[in-house]
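The structure appears right after this line, and notes come after that.
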Amino acid sequence: MAATFKPPQELPYGRAHPLQTLDLYHQNPDPDAYWVVFIHGGAWRDPKMTKSSGHPFIHSLLSKYPHLNAASINYRLSPHPLYPSNGNVAKHPDHVDDARLALSFLQERYSMKREKSVFVGHSAGAYMAFQIDAGCGAAAAVVVGVEGVYHLGKLVEEYAGYEVLTEGAFGREWKEVDGEVLVEVEDGGRGGGRVVLMHSSQDELLSFEQSRYWAGVLRGRGRVVREVYDVVGNHSGVLEGVELVEVVEEELKGLEAEAAKGS
């Protein structure tokens with residue numbers, strides 16, 4: 001029988017913009033509780049992709065782990081030509097600054113420990129998950145990238161039409177910014193936690209190239225990387241599949257086993 005869990009609280013983590021909100025599932029007040037933090041995708045600009053895109057995955061996970069804490073983060077978005085009235089004008093580093101602010105909010109208000117956390121990023125959210133993992137403080141225990149973007153230059157080499165996305169989010173100097181981000185992430189990744197990179201053959205927007213490239217980079221920096229390509233669903237559909245839940249569940253069990261050995 002599936003466990004019950006509390007519905008999420010929508011909370012502001014900042015005051016600068018209405019999108020600085022997160023959905024919080026605070027099930028366990030223990031400061032040593034495990035956390036899962038989800039960062040949505042949408043090419044840094046799609047207003048249809050929000051923190052709610054992580055709900056199916058989080059709800060499935062919490063039905064098995066009722067003592068797990070979780071959060072799904074919204075962040076400021078860049079302009080989208082189909083939704084000009086939304087007033088979204090964010091540019092790098094606004095998106096990742098918001099994600100870092102949300103993490104600080106969880107750490108300060110709810111005693112979340114990064115070393116007890118699993119960061120899950122989807123698509124552009126995967127790019128951001130590795131950015132925040134490389135930030136100040138301890139690294140996350142695990143970072144899971146799902147149908148992720150990890151290198152903007154290689155993305156545009158493979159899909160020339162995607163340059164409108166990189167320029168929209170990072171400006172005309174996106175190549176220079178991407179290089180700076182890569183150095184930050186690669187250097188910050190030394191000695192970091194485990195990594196899982198997931199990708200579906202049914203993804204209609206991205207090939208395996210981003211994940212395969214990133215796996216090689218991180219292994220070269222000494223990270224333990226697991227690649228999971230036996231995944232069902234299109235680019236967004238994987239968020240509702242069982243594979244993501246199973247992967248995070250396996251990682252949580254591994255963390256619990258390691259903690260038990262050390263106690």
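Each residue's number is its place along the chain shown, starting with 1.
Placement of Cβ uses the backbone N, Cα and C atoms for every residue, glycine included.
Per TrEMBL, the feature domain 'BD-FAE-like' maps to 22-129.
According to TrEMBL, the feature motif 'HGGXW' maps to 40-44. Remote same-chain partners of the motif 'HGGXW' (40-44), defined as residues 6 or more beyond its termini with a Cβ less than 8 Å from a stretch Cβ, comprise 50-51, 53-54, 72-74, 77-78, 90, 95, 121-126, 147, 165, 168-169, 236.
The active site, nucleophile annotation in TrEMBL covers S123. Counted within 10 Å of its Cβ, the other Cβ atoms near S123 (active site, nucleophile) come to 29, all protein chains included. In the three-state DSSP assignment, the secondary structure recorded for S123 (active site, nucleophile) is coil.
For the recorded site, D203 (active site), the DSSP three-state label reads coil. Over all protein chains present, the Cβ of D203 (active site) has 20 other Cβ atoms lying within 10 Å. Among the features that TrEMBL reports, active site is placed at D203 (among others).
The Cβ of H235 (active site) lies under 8 Å from the Cβ of S123, E147, S200, D203, E204, L205, L206, each of which sits 6+ residues away along the same chain. DSSP gives H235 (active site) a coil state; it is part of no helix or strand. Feature annotation from TrEMBL assigns active site to H235 (among others).
For the domain 'BD-FAE-like' (22-129), the number of residues in each DSSP class (helix H, G, I; strand E, B; coil) is 41 helix, 20 strand, 47 coil.
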